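Accompanying notes for the structure given below.
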Amino acid sequence: MTIYWNVNPEAADPQAIREAAGMLRAGQTVAFPTETVYGLGADARSSEAVQRIFTAKGRPSDNPLIVHIAHRSQLDELASSEDETVSRLIETFWPGPLTIVLPLKPGALSPLVTAGLDTVGVRMPDHPVALALLEAAGCPVAAPSANRSGRPSPTRAEHVREDLAGRIGGLVDGGPTGVGLESTVVAVAPGEVHVLRPGGVTSAQLREAVPGAAIIDAAGEAKPDEAPRSPGMKYTHYAPQGRMLIVQGTPEAAAARIRQELAAARAAGERTGVLAFTEDAPQFAGDADCIVEWGGRHDAFELARRLYDALRRFDEEGVDFIAAQHVPDEGLGEAIMNRLRKAAGNRIVHV
Ligand code: TXA
Ligand code: MG
């Protein structure tokens with residue numbers, strides 16, 4: 001059985017937070033909103049608690065979890081953060097959507113959290129409900145995104161319910177999340193910041209915060225004979241059940257190619273969908289069985305916020321083929337395209 005709490009995201013009911021925190025302290029799992037996506041939390045010091053996360057999600061045990069804290073002072077118990085670049089990143093972006101991979105202090109956490117690595121990814125979420133819950137729990141909380149493994153990350157409590165009802169201890173419903181994509185994951189080396197996963201904090205923001213360091217894109221796929229830098233990279237994530245094709249080109253050429261691809265899929269007896277900018281959605285009327293209005297072409301924040309909900313819509317509609325519009329790879333567009341490319345299994349055409 002899963003217990004649900006409905007809270008005001010700005011001023012969460014203290015009683016609900018106390019109950020949810022008590023559940024975490026008792027070694028159970030609790031899903032909660034953050035500014036990026038919903039997380040599925042458990043006491044990061046307890047292997048029994050952390051194992052419940054892996055079991056509920058069906059997550060491979062070699063993919064480490066991010067640890068969430070409410071206060072800077074909690075960091076020193078978990079990880080070494082003396083580096084100057086690390087301090088600067090923390091000052092600039094916490095609380096916020098930046099996860100920093102740091103040397104783990106031995107014995108501080110259940111080894112299940114880090115999948116046996118000697119590093120740990122830590123972040124302080126920028127969400128009143130998450131911070132209140134972490135504060136009340138009083139322990140570091142391991143929390144991956146609160147979806148079944150292989151499903152899009154949840155940006156609404158309903159998504160968590162769809163994937164995990166009955167499999168977790170509790171769910172704090174604090175409404176839709178803000179950013180809509182996961183945190184940026186970085187590892188720091190002397191003079192370098194390696195972006196292991198693009199996310200809510202953009203490369204340009206990192207560059208501005210640490211002008212002396214090189215910002216290195218390390219999110220690419222590892223070569224087959226190499227261990228991936230971030231274990232999460234080797235898993236296919238965020239994939240809808242239908243096959244997706246991204247079409248990149250001028251608006252007119254891309255729209256024409258999308259119509260052509262949809263017609264071909266229909267002719268083959270497939271149920272079709274299109275992920276379309278708000279401005280373009282009307283022109284696809286009649287071309288696809290399911291038109292999902294994504295957001296304004298130039299509004300990267302809206303596109304990020306609505307992407308995962310849109311991907312889930314296609315699954316609900318039982319769509320076999322999805323044509324998606326393309327977003328320029330700049331600013332938040334980097335993270336959007338990183339997720340969209342994964343959803344499409346890298347199927348992309350340039351016209
Ligand atoms: O926004 C977010 O980061 C959300 C919310 C809930 O905080 N959490 C999240 O967690 O997206 P998850 O587990 O879905 O993704 C964690 C990513 C994975 O790609 C994992 O491989 C990487 O972070 N990661 C965690 N610890 C790491 C470590 N020690 N070294 C390298 N990568 C690590
Ligand atoms: Mg995830």
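Glycine residues also receive a Cβ, built from the backbone N, Cα and C atoms like all the rest.
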(Q) Can you find which of Arg88, Arg123, Arg207 TrEMBL lists as binding L-threonine at the same site as Thr36, His68, Ala143, Ser183? (A) Arg123
Q: For ligand 1, pick out the binding-site residues Arg59, Ser145, Tyr238 that have a CB under 6 angstroms away from one of its atoms.
A: Ser145
Q | Closest of Arg123, Ala143, Ser183 to Asn63 (ATP binding site), Cα positions, binding-site residues only | A | Ala143
Q: Name, in the order they occur in the sequence, the residues of the same chain whose CB lies under 8 A from the CB of Ser183 (L-threonine binding site) and which sit 6 or more residues away.
A: Thr36, Ile66, Pro97, Leu98, Thr99, Arg123, Arg197, Gly199, Gly200, Val201
Q: From the binding-site residues Arg59, Ser145, Ser153, pick the residue whose C-alpha lies nearest to the C-alpha of His68 (L-threonine binding site).
A: Ser145
Q. Could you give the Cα-Cα distance between Ala143 (L-threonine binding site) and Arg59 (ATP binding site), in whole Å?
A. 12
Q. Which value does the mean pLDDT take for the domain 'YrdC-like' (14-201) in this predicted structure?
A. 97
Q) Which are the residues of the chain, Thr36, His68, Arg123, Ala143, Ser183 excluded, whose CB is within 8 A of where the CB atoms of the L-threonine site average out, their centroid? A) Thr34, Gly39, Ile66, Pro97, Thr99, Pro125, Ala130, Glu182
